[in-house]
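For 40-83, the entry in TrEMBL reads domain 'P-type ATPase N-terminal'. As annotated by TrEMBL, transmembrane segment applies to 66-84, 90-106, 326-353, 373-396, 1070-1096, 1116-1136, 1148-1169, 1189-1210. Summarising the annotation, TrEMBL assigns Mg(2+) binding site to 442, 444, 1000, 1004. Under the heading active site, 4-aspartylphosphate intermediate, TrEMBL lists 442. Under the heading ATP binding site, TrEMBL lists 442, 443, 444, 567, 630, 653, 689, 770, 771, 772, 966, 972, 1003, 1004. The region 'Disordered' annotation in TrEMBL covers 473-495, 533-552, 853-890. Marked as compositional bias 'Acidic residues' by TrEMBL: 473-483.
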């Protein structure tokens, strides 16, 4: 369809200006009811993730490739060919260099073409756009590509579709204006989130744009009337990266008519008071997905690079490995050495010519002019350039491609269930995988599967503990049974082991039935599958008794969806046990209330006796009058509900810190709260997510009074509404009685525990960065072993200002520094929890919990592993434990003035501590004990400020591990960059640490691109992380590179800590390279001088050795023969040298040796095809007939490889000792082993052992046996 309205004259007076603080948007691009168009000069919606443009690919790629010093070096060598007489050999260097550049260029081009094709697929998705044509007075839906969408377009999105840009919600297919979305690509959360449309436009679009008219012409309606209805003027803030920040206001046609301002300017003119407010709950972001909503209509607010997803992303860049950087340094050193040698040789040659030019009268020398001197330099440079063979670049490039092929076809990393294999998108970083120091990891979908299951519950009043298992979890059931035994030893509980779907309700006690009823009531879960088992025709409160049904799984009739995975797990768990939430419907008798139906499945007594599966459904209806939704401040969710028997309840669930607050449950005994805390701690230790349930029984009059207050508060607006609701919540949730504690399992990825354990043993520091809430993240960290049971936690949470954040950071640094000095003065190993309290600086009456506890309190409450609390508890409820270092909520107004040395480290100490922290990765930090740091995104926003970030990095480097929660995608990338640059500034030679980032969602893309190595995990939502990553894997697991290792496979797999010994690029260290250079010099000396003296007697003429009657040119003939012999000796000696150093003999290595041999054989055969007048004619055949050649052969090869053989034996012995000493924790014992010749002898003889008993144990056993024999002989 022709866009006729584009022929109108645009109004460009209000173009976008970055200096303004707001942007003006008119829906459908018309600014008044007369059809005057408003032109927005905002960016387009084209998605661009390619690294190159079509016009700059060649130049940019060549520029990037010449970051490699080797390529620059060989280009300079090629240039030198043109300054000497013979340039026909230039192809020897030119052709390989061109091949290398072309191969890399083709590979980079194909990768970028793949990104381009994905961009095109996303840009080509078509969306219906509402088109208003004032010329033809028509309103139609047309299809536009995603890349052509403009700010001001009104578009239509359907269920399970990704939003192409940031949209203001105008209409939802849900009558209540609610829109359900998932934001997996933004914050990593897979839970359903609720957003809301504009109330006025929900009504308007429902009248004109229902399902029957969504793609039809609206000509039959009055055009002018519809225009007035659809008019919308929005003024909002400029784009920013904050995902939960959107402020603005809007104006309808009614306001426009009322004030008679048809031509308002950008800032809204004089009608600001008539604008209606907007908030972030009205804006859905690009990358989020529409779920459980048939369709929505939205106004395009931000497009392209202005969307919040793009602002939280980073452009792709070419990554360079540590090996490339070190190789460049080494090549520069070799180049300097080569130039130095060239100049020395040139000067010697020049001096010799000057001294002997008159003596050698039979040779004609040209006059030594400046140009001739330069040519001599280039000649020698050309000869000496073979010190750096171009084959080394070819070898490295093909090696990288081969490693990428191995990674992409590794059978161990293949997922047979989903038929997905790993892939290597960047072949230049394969060797970087063995140098990782830091691992930044996402949580949801990477470490966990985000599958929640109800595992256990405790009924606090009657001390009943229930454990839930599935039928296919026999092994887990046995393991958890052992844990139950521990419970039984500590408390006098009655423990029930329940198989899901096997507990018959007729056998249930009333308490457990009530528990299942409450968790089926207190939630915001919705039915996804609306097929009902029982008709809802009867809407009264009477129970409905249905006929018998034969089925094994009551919940299979329903599929639930929820904003919280915990709620979904609870409702599904109850349904499997026979208490089934079967739906909701509005209560037309009470405004704002709804009926909630619960089906109770039960066996009849006859059915039990007859052992059949005949079940009966008993339905009850509950009236829910109010839902107090969860918020981060209250940390709870509550409902007001009427039971069928006429009783009135307030039911609540939430985090233990809120539910067990003495102010909220003042009528509850301290003993009951202690029991609840005990079970919360037990569940947390075993990696379960905990929730505490509470109830309050109310009299009808009090219930109705509170309900009336709630409805009145909900009817208010803005800040008045917020304040009134807060006060109302406090009154409703007062005097709650804790009744249950539940434990929910967040199912981990297979093998993730062993993987985390191995990575930690390998010395890799693991930081978890997640967008999830703190309590959930801490629980998962505990379950995977990231946080250990004996680890203390520092919390920096909810800091509102830069000053409060700085205060908390420096406060913790001061505590660690004070303990460090105290520890140095006291040789005994004191805990940070037993040292005297630290004097702090306070500027008001508020007291702060410092990172230590008094000795008296510590000694009086020595906690065991069973009494260790949940990490998500506040300190005031943690009376039995002192291992929570600090719970810094940051809600104070203390301002930390730092300028003295009392509260901060000086720069020297900072440098030393960081260097030691990086070098000795197993060291837990300055406190010398396990400490974890937890910080949220709000506090991290200030911690990354330029004035605080150095101190924050220092704090991170002096704790054992770090957990960051509620992070935005850009914050993840900023934290990676902080560690890279911050540590490089305080490291010798400025080498950045090698950081790997692992994620599975679009919110991890920025972090993956910023890290040295990006690893994408195939997630359930989208493939953004996989496409942006350097390597993609099917799940979070540990893989070992086993090609050309110097430690045996079983040893390396069983002892991950050996990774620390091989992850320092030792092959590129100066002393190691010097050894190889010396070894090469030794080979050259041996393979030259031995043939020279043995075959030629020290001269170039030796007739007795190479005698040929048909050739009288003995001198040239012998000179060629000696050169050929030296070449053969050198080739065999070097091949044997590489074989001696090889520890893996595989098919690939054998094929390479065979290929090299065939190459030499072809060279030998070549001498049969040259002319008979050539010096090379049949030289190798004649050489093979010389007995002296064969006698010299073993002598030369053996002597050349003596240093290599000694080196290999010494290396194996040393590594054997190093491996065994790692098992010995005592320093004195390690020294005694090193000084024991018997240990070295056994290491030399036995080498690396794969047996359970090490050589050190053998040595100890033999010594003890020897002592016993001496004692026996002495006694006899």
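Glycine residues also receive a Cβ, built from the backbone N, Cα and C atoms like all the rest.
Under the DSSP three-state reduction, residue 1003 (ATP binding site) is assigned to helix.
Sequence-distant contacts of the transmembrane segment (1189-1210), counting only residues of its own chain at least 6 positions beyond either end whose CB sits under 8 Å from a CB of the stretch, comprise 1075, 1079, 1082-1083, 1086-1087, 1090-1091, 1094-1095, 1125, 1128-1129, 1132-1133, 1136-1137, 1140-1141, 1183, 1244.
Within the domain 'P-type ATPase N-terminal' (40-83), the DSSP-based counts of helix, strand and coil residues read 22 helix, 0 strand, 22 coil. Tallying C-beta pairs under 8 angstroms between the transmembrane segment (66-84) and each of 326-353, 373-396, 1116-1136, 1148-1169 places 373-396 first.
When the Cα atoms are compared, residue 442 (Mg(2+) binding site) and residue 771 (ATP binding site) turn out to be 8 Å apart. For residue 444 (Mg(2+) binding site), the Cβ neighbour count at a 10 Å cut-off comes to 29, with all displayed protein chains included. In the structure shown, the C-beta of 442 has more C-beta neighbours within 10 angstroms than that of any other entry among the binding-site residues 442, 966. Every protein chain shown contributes to the tally, and the Cβ of residue 689 (ATP binding site) ends up with 25 other Cβ atoms within 10 Å. The local packing around residue 1000 (Mg(2+) binding site), expressed as other Cβ atoms within 10 Å of its Cβ over all shown chains, amounts to 31. Using residue 444 (Mg(2+) binding site) as the reference Cα, a 10 A cut-off selects 771 from the binding-site residues 630, 771, 966. A Cβ distance under 8 Å defines the sequence-distant neighbours of the transmembrane segment (373-396), meaning residues of its chain 6+ beyond its ends; these are 68, 70-71, 73-74, 77, 80-81, 83-84, 93, 96-97, 99-100, 331, 334-335, 337-339, 341-343, 345-346, 349-350. Reported as a whole number, the C-alpha separation between residue 966 (ATP binding site) and residue 1000 (Mg(2+) binding site) equals 17 Å. With respect to residue 1004 (Mg(2+) binding site), the closest of these binding-site residues in Cα terms is 771, chosen from 630, 689, 771. With respect to their backbone Cα atoms, residue 689 (ATP binding site) and residue 1000 (Mg(2+) binding site) stand 22 Å from each other. Across the structure, residue 630 (ATP binding site) and residue 1000 (Mg(2+) binding site) are spaced 27 Å apart at their Cα atoms.
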